[in-house]
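Enquirer: For 1-29, the entry in TrEMBL reads region 'Disordered'. Residues annotated as transmembrane segment in TrEMBL: 42-66, 86-107, 119-138, 163-187, 194-213, 225-241.
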Amino acid sequence: MSRSARPSPSPWPSRKDIEVPGRIAGTGPTARAETITGFERFAGWGLAVAVIVFYNTWTLAFLSPYTDPLAGYISELAADNQPAAWVFRGGDLISGMLMVLIACRTLSGSRVQVRDWRWVVAAGTALTGIGTIADVIWNMPCSPSFDDACRAAADSGALEPEFLAHTITSSVVTVAVCASMIAAAIPSRGPRRWVPVILTVLIVLSSAVSGAIEELMRSGQGYVQISQILIVSGWIGWLAVDVHRPLMIERVLSDAEALADGR
């Protein structure tokens, strides 16, 4: 009796054959993790701390001559008529450059595939940094929340180009960081995927609330904006530390297994 023919090997890779970005080729989940040097780990934490510190220069609001400087927009701290404007502009300039650097590390931490959502995460992060730098270039000409003459000029439309440019750059930052969060959530699995989604919702809500306060009360929007600043800097800082964790690992494995099973 002839022996039964051995089944031909599947053309689709099994879990153990998949070369996972961020790992050395090995046996799937038990593969040896990619070696991360002490310098790389230190650099990640250093970038995270730096971007959080420099993006949160609102903590130096006491340098403003106004009694309650956080009652207005945070951007008013860097307005042209502020004596310590260079401090807040400098913080935004440095943090913006750090964000672009972190975006580059997001792509270089491990090999990135064409389908990898990390491209979108990195692009959103880089655009967040570019928008932050643009905020410095097209800053507010004055502080409408505290300066009556500035408020009158803004209401009359005399300063409309300057305020419009700053509004656009700030909007770019908001949209870009939300895009990076959603892009990180899409390929994730389990409870982890909801973290960036919730953060995105909080950013959108804080923007809406600060806008409503501006229209109704014209005072207090800065305190709402602080929550948004903390979320943005915390998210970018997390990306700096978590750069070696491949965002697509669950998606790569689940897609390959589905193909192998013929689903």
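Just so it is clear, glycine is given a Cβ too, placed from its N, Cα and C backbone atoms.
Those TrEMBL annotations? Automatic predictions, nothing curated.
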Enquirer: Using a Cβ cut-off under 8 Å, which residues of the same chain at least 6 positions beyond either end of the transmembrane segment (163-187) come close to it?
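Expert: Distant contacts of the transmembrane segment (163-187): 75, 117-118, 120-125, 127-128, 130-132, 134-135, 137-141, 154, 193-197, 199-200, 203-204, 207, 228, 232, 235-236, 239, 247-248, 250-251.
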Enquirer: For the transmembrane segment (194-213), could you work out the same-chain residues 6 or more beyond its ends whose Cβ comes under 8 Å from its Cβ atoms?
Expert: 73, 174, 177-178, 181-182, 184-185, 188, 219-221, 224-225, 227-228, 231-232, 235
